[in-house]
Amino acid sequence: MKKPLGKIVASTALLISVAFSSSIASAAEEAKEKYLIGFNEQEAVSEFVEQVEANDEVAILSEEEEVEIELLHEFETIPVLSVELSPEDVDALELDPAISYIEEDAEVTTMAQSVPWGISRVQAPAAHNRGLTGSGVKVAVLDTGISTHPDLNIRGGASFVPGEPSTQDGNGHGTHVAGTIAALNNSIGVLGVAPNAELYAVKVLGASGSGSVSSIAQGLEWAGNNGMHVANLSLGSPSPSATLEQAVNSATSRGVLVVAASGNSGAGSISYPARYANAMAVGATDQNNNRASFSQYGAGLDIVAPGVNVQSTYPGSTYASLNGTSMATPHVAGAAALVKQKNPSWSNVQIRNHLKNTATSLGSTNLYGSGLVNAEAATR
């Protein structure tokens, strides 16, 4: 199954003897919430879906109990289903040995909330002078979409936000991120780190600037399926998600370099998905090469980039200055595109390690990771 399904029914493989005080009718009236069901293996997902199709809008748990469930999406590359069901029914479903976990489909938000010298600071023009502009490199921007803009060349994309089928940006965040990666060298507006990189608008956050784990996981799956070289995730959540970690791992195994924002709370630990081992975690610095006060730091931080007063593209063919680790992350994604153009045979792991090895040290690895991304050194 490769696309969202309508309301259907699931039944577990085992009959679980669980007593409930509520009736089926009252359970049907309970408000449902979104969950992600992780299975031990892909085959178990198929068996579960077959059980779904064999019943009539209920999951049969025992002779006494039936549970309504709505299947929203079946992932292709990770053994996970996105569903809606009553919170009261989660414990019963978790007793199925084929299910490894059930987690809430948590909200994930952008990493910039306030209103770009950064291109020069990371020495991108020096790489441009060598003929390295990101040409031929595909960069997926998993964000609020990207608005049509005279300073951007958007090659395609997809939306995974319910009710927002267009990849146009109703928020501004994604358009700003896209400009830092690849604003065109066309004598107007601003210049991106990799002005000839191919931008793909992968909408996973709505106009409000928030979205769900399932939308982001679908966006990562799309990136892997469509040959993206780099995925920029200027977003995050304080809570871990097994589904999101699997999606990051799957995309990485398919050649995508996942670059993610460390977070904006200023805390001494980084957000998810940046904290996952296969994501490249990016913190923010100011004009003095100091850690930005809001930039989260700590174990797992890979690298830093400019994230204060960053000028970039904005909806309505305009420009805006924003702050955040969201603004730092695309500097690194753009630098990755430059390195990929210079070394087309390199894997995502090689590119990540090279960016870290060529970064300019700023001091404590706890605060700055390997240091400030350096596009000039990375493309020598």
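Positions of Cβ are set from backbone N, Cα and C atoms, glycine also.
Residues or ranges marked as active site, charge relay system by Swiss-Prot: ASP143, HIS173, SER326. The annotation Ca(2+) 1 binding site is assigned in Swiss-Prot to GLN113, ASP151, LEU184, ASN186, ILE188, VAL190. As annotated by Swiss-Prot, Ca(2+) 2 binding site applies to ALA274, TYR276, ALA279. Look at Swiss-Prot and you will find 34-111 tagged as domain 'Inhibitor I9'. For 116-379, the entry in Swiss-Prot reads domain 'Peptidase S8'. Residues or ranges marked as signal peptide in Swiss-Prot: 1-27.
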Quick one: Cα separation, ASP143 (active site, charge relay system) versus HIS173 (active site, charge relay system), in Å?
7
Compared by Cα position, which of the recorded positions HIS173, ASN186, ILE188, VAL190, SER326 is the closest one to ALA279 (Ca(2+) 2 binding site)?
SER326
What's the CA-CA gap between ILE188 (Ca(2+) 1 binding site) and HIS173 (active site, charge relay system) in angstrom, rounded?
20
I need the CA-to-CA distance for HIS173 (active site, charge relay system) versus SER326 (active site, charge relay system), whole Å please.
8
Packing count at ALA274 (Ca(2+) 2 binding site) (other Cβ atoms within 10 Å of its Cβ):
29
Around the Ca(2+) 2 site formed by ALA274, TYR276, ALA279, list the extra residues of the same chain whose Cβ is within 8 Å of the site's Cβ centroid.
LEU233, VAL248, VAL258, ALA260, ILE270, TYR272, PRO273, ARG275, ALA277, ASN278, MET280, ALA281, GLY300
When you measure from the Cβ of SER326 (active site, charge relay system), how many other Cβ atoms are you left with inside 10 Å?
32
What is the Cβ neighbour count of ALA279 (Ca(2+) 2 binding site) at a 10 Å cut-off, with all protein chains included?
28
Please name which of the recorded positions listed here, ALA274, TYR276, SER326, is nearest in space to ASP151 (Ca(2+) 1 binding site), Cα against Cα.
SER326
What three-state secondary structure does DSSP assign to SER326 (active site, charge relay system)?
helix
If you measure from the Cα of LEU184 (Ca(2+) 1 binding site), which of the recorded positions ALA274, TYR276, SER326 is the nearest?
SER326
